[in-house]
Amino acid sequence: MPNFEQNQVIAVGLSGGVDSSVAALVLKEKGYEVIGLFMQNWETDSKDPFCTAEQDLSDAKAIADHIGIPLYVVNFSKAYWNHVFQHCLDEFAQGRTPNPDVWCNREIKFKSLLDHAKKLGATHLATGHYACIQNENNEYRLLKSNDSHKDQSYFLHLLNQYQLANSVFPIGGYQKSEVRAIAKKRGFINHAKKDSTGICFIGERKFKDFLNEFLLAQPGNIETPEGKIIGKHDGIMFYTVGQRKGLHIGGRPDAGEAPWYVVDKDVKRNVLIVVQGYEHPLLYSQELTCTNLHWIRDTEPSFPLTCKAKTRCRQADQTCVVTRLDNDHCHVQFEHPQRAITRGQSVVFYLGNECLGGGIIN
């Protein structure tokens, strides 16, 4: 984390979780004037048993009081609906699998929230992300966290130079275990609070039940690649490539005992295509194309580019060659076949520890 002048005001996005809480503590103990910001991105019934917003706000208030910083509650639900949620609905309707966290970081946390922090007099916005920022001759680089298991650079790959220049990741150099230990030592009520998982606006409720509230499901056939109908699906928007659960086609007398997996979606015919066996060759691909390209540095890399890539956040880095097709499309050729490459997800590129940027898988 860079050293700033001691009289600078830094706003911290306090989510009620342990990571942002320790991030605020680190800044406070370094002598900065710290203010907390709690985002409300989703309008929900206070009686909704699946929404943790009320508890999260309560935790954020308790932590702010504990550290001794003010906390402001800001509502970005309209911006979130317009710039994140509606985009996700459009993607689901087209049979793709979007990543809302990526869009939320670019459009809400490091845009709407950053702008609000500036209006309050803050010079920078800090969050509890596990990533690092390096200033190299006034060009900002996004680097992986020291904790490889918790690294979140994948979700931050759409950030631009302005956003990085005005952001701070105080715990990017910490291990998760260190963060929890600090929180416990300081008596934070959330030191053992579990990490949030799943899609943020769905919470712990069933994905299918939630989507049904916003999109009209169209049941259809489940077929093998050869066109044999072996079942019915509830709507292809509920499934993603590589998925095993929820197909309800096990125990067929004309097939072996190996489980079935989604391998593709035929949106035009409203057909879900499945194959049998985890290692089925159709689940693997050695190449992809991507669009909506974004490069973090002002100057994009030279092509063809030999680098590493991830097609999902927890995946190990995979060697590949990236070739520019046109202004907004790249071809990615992997050294080894990749399992369950999914349209709508992000492919993110790395050189060593640096996140270069990425695109959306076609």
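Note that Cβ sites are derived from N, Cα and C of the backbone, with glycine treated the same way.
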Listed in Swiss-Prot for the ATP site shared with G13, L14, S15, G16, G17, V18, D19, S20, M39, one of G121, G128, G172: G128
Inter-residue C-alpha distance, S15 (ATP binding site) and Q345 (site 'Interaction with tRNA') (nearest angstrom): 25
Nearest-integer angstrom distance between the alpha carbons (Cα) of G13 (ATP binding site) and H129 (site 'Interaction with tRNA'): 10
Neighbourhood of D19 (ATP binding site) by C-beta distance under 8 A, where only residues 6 or more apart in the same chain count: G128, H129, Y130, I171, V179
